[in-house]
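Residues annotated as ATP binding site in Swiss-Prot, with sequence analysis given as evidence: 45, 46, 47, 48, 49, 50, 51, 52. The domain 'Helicase ATP-binding' annotation in Swiss-Prot covers 32-417. Swiss-Prot lists 436-602 with the feature domain 'Helicase C-terminal'. According to Swiss-Prot, the domain 'UVR' annotation covers 634-669, on the basis of sequence analysis. According to Swiss-Prot, the motif 'Beta-hairpin' annotation covers 98-121.
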């Protein structure tokens, strides 16, 4: 693999092959648009044309920090993994919601039912979020892969940066001052339980486990009131990794604020509370008056004593000092001025960003109206779409089917229709609806004999269920993918399809963006002539594209009439086919079937870096169980960490070290943020 470093760029691109097909033209076009100052561009890239690789080349050549937005965690994880492969020496970060489970605070007036906020925070994703903001503030070579979590409020970047602890060998500082600063940054003192976001004191030595670090801790050795040396070490084994001259410890939460800001916020909250009490008194609503006073005074007491309280995010406007209705600080405020934004699958992601605010606002309004929260809680919210537009840096929309918004805003459209592999868009066949079920049956049998897979998309849940039952009774190995299936199980089903555990997958609207299944040679669209969201020309092109990764790809549209959407989808697919066929003929390319390994089962070996210290685990192969995506990995890591800590308490240090290496192994293989 060639490693390429462009002039004036901090990125090192690990290039498995040079750009080919339409990629060189697309890369040059996007770079020219960026240098010309175009605010918006569109990369119209067909399925399998290597859009992610094009993005990586644009980032590497421009030398600018980048944020890539995806519309769900699964796609974000896929992009994150690919970017880690292209930029293993740079800071590729993952910024998604850190909740494994989240029940927001809500009130149902009709039943007089108040639902307390309940959530389970995923520690590993929280660490990755903190790592993302730290690297945005300290490095130039940063690529953030994010979901819409990026438009939700987090702490103010200015306040966050003021709360850091910077230490340097030779500095004069008292031990008690270091401890006081760490406590103000919400680090816990844990002399017995040394974990992420904590510190311990042993004589003149302070060990700090930074909140954003996945596996390194900092040892501050003092001599009187002078910092004698700084070392990075393994928090489990205690083995030293390297000596550092200086280090910056960042706060353990995005919501940490200086003491004077907390006191200022408390005064502002008191003033708003007084106004709200007067309002409910005038309205003669004593229950709401007592409720808001009791709840807010309790929170104020916690803020005075501890510096934070449960639900502190509802007071974010008072902490940031913003006026009513002003946008909250978000990840977008942490981005440097020269950043680039890529919005992947923009025809879905842009719409999703636009819809986040309204759902949040209606829930908050009830809490305010009935005295559970102060009116300022409404400003703890995601960005409105027009606010998001104001903070968007130079943006590239990436989609095979750009929507109306992209078409209206694109300064230029760069096409990436030709695939380097030579694969041609699927041949489209239109057949009558009357015999669709039996006709499809014979097509399925043909594919099964060739060892290929089939995707079938229907219009309704009932139709999908009946079709699945019918084919199952006829001996076809068929599964049904529907909206009730969670992300983990969905990934498992797709993996099983690729492995050949079944041959046909039936779905409704789940067989579109982000499904990378080279084994699928037939996509069947039932009732293709029923105009609507599921049969719009964009939906049809996306669904047809699922067969574009197979050399024998065919799409059958069952319809009794040709609708405008069908005509647009067929014409666009034919245009792309002709362009690819012409390219193949000119360059003597014979389309080759993509042979993509099913990577979901990890069986790897962890090799500790050659540092002269520690031991090499190369000969001790560690087999990891079936891990399909980030959720599986996180569960496995949590289980292994519990076992590792128990082994350490039982003084079984060798066993603990093996478990530690398993955890690292999972992180490295799934590219989860091992540093």
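Including glycine, each Cβ sits where the backbone N, Cα and C put it.
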Cβ neighbour count (within 10 Å, all chains shown) around residue 46 (ATP binding site): 25
Cβ neighbour count (within 10 Å, all chains shown) around residue 51 (ATP binding site): 23
PLDDT averaged over every residue in the motif 'Beta-hairpin' (98-121): 81
Local backbone state of residue 52 (ATP binding site), from DSSP in three classes: helix
Listed binding-site residues (47, 49, 52), ranked by Cβ neighbours within 10 Å, top entry: 49
Under 8 Å by Cβ from residue 45 (ATP binding site), counting only residues of that chain that are 6 or more apart: 26, 51, 54, 398, 399, 400, 415, 416, 417
Cβ-centroid neighbourhood (8 Å) of the ATP site, 45, 46, 47, 48, 49, 50, 51, 52 excluded: 54, 400, 416, 419
Structural state of residue 45 (ATP binding site), classified by DSSP into three states: strand
